[in-house]
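**Student:** First the structure, then my questions, so here it is.
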């Protein structure tokens, strides 16, 4: 299981922007392949996504520099090494880059290589990827957080909150959960049409109409859930990704569609009112990534009622997560492999969260590819929750379809209402 060659190429992501794909060829001829996603709403402390900045190609968004790093330095450094030791490979990649944020080689170049090595190992063992990724955690089929109404940086509309998600916690298994979400998605389309609202979809496949308020979005979802024949609060609950860093300006949070602005305390009260009105069980990035005093207040006031997920706050970085744990900030972390740049560091963040009673939510990015690695990692890590968009666009459904295949192969329990236990 030794590496013969590593080769990368420039491909397109779901937004039509270049990204990187890497092939790791073993001496046996087996090829492991992985491609890297890209975010629109990004944390300031994410690992560096290396772009060419050449205005003559792809408006500066090309990734040929990252491709060359894989084909040259990375290929030379890893040739002859075994894919059996993922931590060693990732350590060498980080040492080769030798920067805090992977800005020399690019986190996109490093991650494509890291994930492709893991996939090559699974293929060489003739085992499913989720099996070879598992490190002894109790594996479960995750509850999907289905982003069926889009706003913020993920849509060209006037909605402030970035993601309105449904979670089918009442389903008996993953296939039924997917069915429930899909049926609600299609009913929602008819509800929007009936009210004369736009049914075009955003980056993650959710509908992106112009609506009057965040409450109206939740009311539309509630209507669709009931018309689809499901019980709100029992079969289906809500999750929000506020992406509050995108709303934060000069010390205030601006809800432009509602013509309101809030300080941290007022926004926490706003969330408390929403939680009392709707079955919201999770709020992601409820405050700005730098507003740690506000996050402390948020966690104190609402942390015993809902899951408070740090995305831009923690950027899948074990060092930053450790600081948050020490200060009692949030109670869950979003896991995005490209925020940190290697599989091993992603696993470290997951383990650190588990060891300190924090939950983990596996996540895609708004600029995705057909790669389904995160579906296997969600199952392997036993995180119990996954964000991978709405119920349309192949870049989103590819992950759901991979979870269906895993469910067919393995007799694993569906996380369901267990995610609500505290």
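Yeah, the Cβs are placed from backbone N, Cα and C, and that goes for glycine too.
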**Student:** Of the residues 163, 183, 223, 226, only one is listed by Swiss-Prot in the (2R)-2-phosphoglycerate site with 365, 366, 387. Which is it?
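**Tutor:** Swiss-Prot names 163 for this (2R)-2-phosphoglycerate site.
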**Student:** Between the Cα atoms of residue 366 ((2R)-2-phosphoglycerate binding site) and residue 336 (active site, proton acceptor), what distance do you get, rounded to the nearest Å?
**Tutor:** 11
**Student:** Cα within 10 Å of residue 204 (active site, proton donor) is the criterion; apply it to the recorded positions 241, 284, 311, 336, 365 and give the hits in sequence order.
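**Tutor:** The recorded positions passing the 10 Å Cα test are 365.
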**Student:** Which recorded positions are spatial neighbours of residue 163 ((2R)-2-phosphoglycerate binding site) here, meaning Cα within 10 Å, out of 241, 311, 336?
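**Tutor:** The recorded positions passing the 10 Å Cα test are 241.
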**Student:** Going by C-alpha distance, which of the recorded positions 336, 365, 387 is nearest to residue 241 (Mg(2+) 1 binding site)?
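**Tutor:** Ranked by Cα distance from residue 241 (Mg(2+) 1 binding site), first place goes to 387.
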**Student:** Non-local Cβ contacts of residue 311 (Mg(2+) 1 binding site) (under 8 Å, 6 or more apart, same chain)?
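**Tutor:** The answer is 43, 241, 243, 284, 285, 333, 334, 336, 363.
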**Student:** Give the sequence-ordered list of residues that share a chain with residue 387 ((2R)-2-phosphoglycerate binding site), lie 6 or more positions from it, and have CB atoms under 8 Å from its CB.
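**Tutor:** Expected: 144, 145, 147, 163, 165, 241, 334, 361, 362, 363, 364.
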